[in-house]
Structures are given as C-alpha cells and as structure tokens.
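Chemist: Before I ask anything, here is the structure I am working with.
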Amino acid sequence: MEGSDFLLAGVLFLFAAVAAVPLASRLGIGAVLGYLLAGIAIGPWGLGFISDVDEILHFSELGVVFLMFIIGLELNPSKLWQLRRSIFGVGAAQVLLSAALLAGLLMLTDFAWQAAVVGGIGLAMSSTAMALQLMREKGMNRSESGQLGFSVLLFQDLAVIPALALVPLLAGSADEHFDWMKVGMKVLAFVGMLIGGRYLLRPVFRFIAASGVREVFTAATLLLVLGSALFMDALGLSMALGTFIAGVLLAESEYRHELETAIDPFKGLLLGLFFISVGMSLNLGVLYTHLLWVVISVVVLVAVKILVLYLLARLYGVRSSERMQFAGVLSQGGEFAFVLFSTASSQRLFQGDQMALLLVTVTLSMMTTPLLMKLVDKWLSRQFNGPEEEDEKPWVNDDKPQVIVVGFGRFGQVIGRLLMANKMRITVLERDISAVNLMRKYGYKVYYGDATQVDLLRSAGAEAAESIVITCNEPEDTMKLVEICQQHFPHLHILARARGRVEAHELLQAGVTQFSRETFSSALELGRKTLVTLGMHPHQAQRAQLHFRRLDMRMLRELIPMHADTVQISRAREARRELEEIFQREMQQERRQLDGWDEFE
C-alpha cells in the first residue's frame, strides 16, 4: 500500500468509526457491532473504498496486542499462577472438545479429515479482542465467569504454537518443511526473552524515567509493545502472547500505572481498527452463493461452543447465573482462524471454496456475539428482576423505593448500608452478576442490568423514587445516566460519585451540585490528623480543614467555564495565598481560646 493510499485508508477508517459507532450506540447494538458494520460498508463488498484487506487486517492485530499488554499489567505472576487450574484445565478442555466436535461435523460436509482437523481447531478458538471488550462492557472482569473466560482465552493463545506446527504434519510435508532444529531455536529464543525481560525491563525503564521527559517514556512503552510483538511474530508465535508476557513481567513494577496510561489511547483506536478490518473481510459473494450452508454453519458453531463452555462452567462450579454469560461471550470464532486457515491454504489442505466458507462463518459468528449477549442480558434481567421468591425476605418490601443506588462496589456499599441502617427504602442496580448473587443472599433488593437503560430504571421504581445515587466506576456511564435522569425523570434528586476534579467539573456543568469526590474527604481528614501530629491544636486543625473544603468548592465552581484552561494555574496560586491569609488571621484570633480543647476523636 502506497503512502498516500495508506493515509486515505486511515481517514476512511476514522470517518467510518466516527459515523457508525455513535449511531450503533444510539440504536443500542453496541460499539463492537458498529465497527463491524462500518467495515462491511467501506470494504470491497460494500462501497469498495478499500480493497487490500489482508494487509490492514494484519496491521490491525496491534489492537489486540495493546489490549493484551494492558491485561498483563493487571496480572502479576502470583495471580497468574493461581489461575493455572482454569488455564490448563478448563482452557485445554474447551479447545480439545470444541475442536473434536467441530472437526467431526466438518468431515460430514465433504472436508478431508486433515482439513477438518485444522478447521475444527481454528473454529474452536474465540476472539480475544471481542471477548475481552464485551467482558469489560458487561462488568465481568472481576466476576468468576470473567476470570474463567480470561483463562480460556489465555490457553487459546498458548495453543497457537502447536496448532501452527501441526499444519505441515497434516499436509504430509513434515519431512521436507518442518525443521525441528528451528523449533528448538525458537523455544530457546522465547526462554531468552523471558529471562531478559525479567532482569532488564525495570532497570531500563528506571533509566528512561530518570530523564523526566514524558514523551520518551511513551516512546519506550510503544517500543516495548511493538518490539515484543515483532519478536514473537518472527518466531511464528502469537504477537498477543508476547506482549501479554511483557505486561506480566512489569505488573509489579513501580511504572505499571504510567505504562497503562501511555498505552490506553492507542489500544482503543487500534481495537476499533481491528473490528472494522474484520467487517471488511466478510466475503459477501460467498455468503450470497452459499447462504444456507453459511447460516447453518454459524448456528452450529455458536451452539456447539456454547454447549461445551456451559458444561465446562458447570463442572468447574460456576454459578448458574454466570454460566450463560461465560458461554455467550466466548461463542464466536476468533482472529487466529484467519492466520491458521491461511497457513493451511498455503499447504493446499483446503479445496475449492472451503477456506472462504470457513472465514465467512468466523466473521459472521463474531457479529452474532454482541446480539447474543444482549439476549443473555435480557434473560438474566427476567431471572433477577422478576418477583421476589416467597422464601426471600428482602430489606425492602415496598415496590416504591425512596432512593435508587446505581453501582454497589466499595463506594456504593457504604452509602447503601448507611441508608438501610436509617430505615430508608432503597433499590440497587448492579451489572456484575457475582455482586447481584451476593447481595441477594443478604436480603438486598437488587436489579441486574445496565442502569443506562430507561426501561430498567422504570422497573426499579425511578418514577416514584425521590433520589438517585450514581456510583458508577466509569465517568462516561455516570454522565450518560445523569443525562437520562434529567430527560426522563426530572423529579429525581441526582447525587453522584466523582472520581476526580475533571469529573466534578463535568457534573457541575451538567447541573449536578450534589456530588462527592471519592478521595477528597478522606484525604482532608487524614490531612487534619497530620496537622495535629505536627503540633496544631485539634480545633484549629478542624477549622483549617473546613476552610480548605469551602475554598476548594468555590474554586471548582468559579473555574467551570475554563476547567481545561491555563487560567486555573494562576487562580490556584491566588487561592493558596488567600487560604494562607485566612489561616494566619484565625490563628491569631483563636490562640487564646484553644487551651480548653482536647482531641475530639
């Protein structure tokens, strides 16, 4: 692809994403499906703006690479060791069982047994990019089903190595083309990467961080991710596996959060590019000429994988409410199928349109997953949001709550317990199935689902409630929910959690005046105690705390129109001088009155 063509392709990708994804979100079908539909629209079988799909698809795998690096940063080696049973137990069983069943079915459709084996293995793999994206959207990351799903995906990445090595053996060309010496050298190189990364990465990043130049740190992070991906690709291994290992090696370093911040913008954009590329690769010509075969294949593929995954989840002891989430999110074919089937085609394992049919099946199965997960959500909503069972004794028996609490993590739990201790009628909305199960055991009235859905808010009693307390983890969800409440339930008093100063500005701009910055009050309290330990009288320290709080809130309100402007810097300096003057005056006025005060804790 020429430089100008590459630039044009980039503009088209960005335009497709900007146009399709907001529309898809508005229609309620999700960003992933929006990317896929955008890819179909601009690809060779749509408007035909881009024809070189294979090259772009290979480049777009960098989105998966960046995602796996961030996941590696979140998992230290000890946590990875704890997952060994689910990785090598459930993960291995899923690949072997799914591959065996799917290979058997392919043999019934005139595939040679060698081609059927390769096809079964390729179809048994799931899409790492899509599954992880959907797990994050559904709040599954910390749930039992989410952890098990990640373990299965990790084993699938490990299975790439033997799967690719198996292709020349099945093609009967092992003696001519399969060099065991090269395999040994690749294994040694891989081990060398592990050892080198273990002892070299932290000193290198310590040296780079000492320069104090943020851009250099970002460049070094990109070099690490792209370099490890290129190294693994040269070895014929999974690029995503290489960057995942690099992330794990740095998971316990002091640079973990800085690395994640540097990578995050690239991850999101490249993941979108990957999904658009998958949509572009959909061969509508093959779909048109073999429509019945493809439709049946997609249904059978998804059904077989759901069956295998559901049974394994049951054997592993996953709660019944989480099994369908686990099975549904991994039910599609994956990006590895494109690599494996291309390798098999070069070895002449496939005949006629067999490879094209398999790739169309994989692509369409990926498009069904967001829709399938919406159906799973509706099913779970009916299961959990129906009438209470007779043997349950919830805290709230009235269907008209006074308060709706959205999100019941550590922040929301404190609020909920305080309200319930004072006999307030509350209803909780939570999208983490594990949390829903736990709360119901303790008698909380809780609804499962996405609180940004108006119907769920109505069924939870929003039309009769007096207040709503929003404690979402994601700022985007908070702002979306504020907008929905103001539009559909204007009578509600909105109280919200702000993760930081920027979100506090956004809430004020949206008209929400009752909010709490999650670390501000606790930091102020600890600061007051620090002043006392440094010799300040407890009463004086309390007054200092109150003055600081008032001045900070005043600054927050004054700077709403320019919260992204450099004017904040000079205003902050003025506020600090003003605060110092207030403290000095009060210290002089109150010095005589402090002798009768004791520590008030």
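Just so it is clear, glycine is given a Cβ too, placed from its N, Cα and C backbone atoms.
Okay, so Swiss-Prot annotates it like this:
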| type | residues | note |
| --- | --- | --- |
| TRANSMEM | 4-24 | transmembrane segment |
| TRANSMEM | 29-49 | transmembrane segment |
| TRANSMEM | 55-75 | transmembrane segment |
| TRANSMEM | 87-107 | transmembrane segment |
| TRANSMEM | 115-135 | transmembrane segment |
| TRANSMEM | 152-172 | transmembrane segment |
| TRANSMEM | 177-197 | transmembrane segment |
| TRANSMEM | 230-250 | transmembrane segment |
| TRANSMEM | 268-288 | transmembrane segment |
| TRANSMEM | 291-311 | transmembrane segment |
| TRANSMEM | 324-344 | transmembrane segment |
| TRANSMEM | 356-376 | transmembrane segment |
| DOMAIN | 400-519 | domain 'RCK N-terminal' |
Chemist: Across the domain 'RCK N-terminal' (400-519), what is the average pLDDT of the model, as a whole number?
Modeler: 82
Chemist: Pull the DSSP breakdown for the domain 'RCK N-terminal' (400-519) and write it out as helix, strand, coil residue counts.
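Modeler: Residue counts for the domain 'RCK N-terminal' (400-519) by secondary structure: 50 helix, 26 strand, 44 coil.
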Chemist: Per the definition of 3+ C-beta pairs under 8 A with sequence separation of 6 or more, do the transmembrane segment (152-172) and the transmembrane segment (29-49) touch?
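Modeler: No, the stretches stay apart by this measure.
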Chemist: Taking the transmembrane segment (268-288) as reference, which of 29-49, 87-107, 324-344 has the most Cβ pairs under 8 angstroms?
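Modeler: The listed stretch sharing the most Cβ pairs with the transmembrane segment (268-288) is 29-49.
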Chemist: Would you mind listing the long-range same-chain contacts of the transmembrane segment (115-135), meaning Cβ under 8 Å and 6+ residues beyond its ends?
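Modeler: Hits for the transmembrane segment (115-135): 32, 63-64, 67-68, 71, 94-95, 98-104, 106-107, 141, 146, 149-150, 152-153, 156-157, 159, 163, 166-167, 170, 240, 271, 274-275, 301, 305, 329-337, 340-341, 344, 349-351, 354, 358, 361-362, 366, 369-370, 373.
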Chemist: For the transmembrane segment (87-107), name the stretch out of 4-24, 29-49, 291-311, 324-344, 356-376 with the most CB-CB pairs under 8 Å.
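Modeler: Highest pair count goes to 291-311.
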Chemist: May I ask which of the stretches 291-311, 324-344, 356-376 has the most CB pairs under 8 A with the transmembrane segment (29-49)?
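Modeler: The stretch with the most close Cβ contacts to the transmembrane segment (29-49) is 356-376.
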